[in-house]
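Look at TrEMBL and you will find 22, 23, 87, 200 tagged as FAD binding site. The domain 'Glucose-methanol-choline oxidoreductase N-terminal' annotation in TrEMBL covers 245-259.
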């Protein structure tokens, strides 16, 4: 790995890969075996950063809003807080570490060779996938899912199967995260150049005397702002591969002149190819979380168990008081900054409102954070939106609208997912991890052993949950708190 400031002004490669995330790292490692490859990553290295590598620091990177953070905050036009990876290894450096294989139906639908897919799985799993060590809280969620009817019990498996299973994790038994960057260990060192802090500004196209534009190079800048150009070697199979994520890839195409012509001209971008579909059909699977305060201490865990329902919703869980962030209490996975427990409606999540929410959380007793989340996400949302350029800078976030719940079926699957979570909470296996008053949260049902101060604090957390469970209304459902998991 090299800092882009050390790279030449002009260079040549067989393949140029833009974006060193979960796809880019795997592609770079593979292609380097028989070709010269340049991998350009706009962020830094994940190694040596405990906010990335340590399970107990989960949430710290997501709450870090500094320019050097591996997570770049963005808020969609729907008002939902989200994050873009800005680090070698991509989203695998920020997410909750759950590892699973794709379903056989998905593989058939996209037309992949199942034999090659299975070989690829094994290649990846040797480096980054582990069997999680189950604690009492996660075990109770698993058994609660089975009692709630999410069957059969598929045990531990990487395969995507309907029912309840224990999946893989990218955290080893010491709680250390293994990311897609680890896949670069497979690379041929002589065939691969990895440049960090290298932000690609545009793709270069040859257009003269050609029936259609042909990409032949990229322009990128290093951390000092110096401009560099990388070109493809001559050859019929040489390619530029854009793997900059769901937001970054269409954004870069537009900045390079490929996209809706009218929008490009509005930003004074020369149109290379009028392609109206660039930036269209954007989607994000809505996720809804319920925090369950526990009368007993729970283990620190991220996603280990998943209930894969027949109606198209995934039920997952994470637990423990992993909310300490450096020397400032920022609440990590509980932080309003990442939307997990914020009662601030999406459209009102200004920096001032979030700061006030954090200030209010400072008054809560530490016991109020003892417990865990049970969350539901729907698979493959039908609702779609679009992405548009906001500025001409690749460092700035584009404008993104996901149109959560535009299609009623997405909303219905969320409702069924929340209903399943209710059954898990009320199940016999989960009983020791819930207060008796949890579902109705009324003062007359409070456990006599529970301190009144803690009761009052816990009820603050339950306010949104109560509305959610009682109403299932669109207003309350439109709070898709984001916890990157898959």
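Using N, Cα and C of the backbone, Cβ positions are placed for all residues, glycine too.
Keep in mind that TrEMBL annotations are predicted by a computer and have not been checked by a curator.
This view paints the features noted in TrEMBL onto the structure.
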residue	record	Cβ within 10 Å
22	FAD binding site	23
23	FAD binding site	18
87	FAD binding site	27
200	FAD binding site	25
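Per DSSP, the secondary structure of the domain 'Glucose-methanol-choline oxidoreductase N-terminal' (245-259) breaks down as 11 helix, 2 strand, 2 coil. On the 0 to 100 pLDDT scale, the domain 'Glucose-methanol-choline oxidoreductase N-terminal' (245-259) averages 97 in this prediction.
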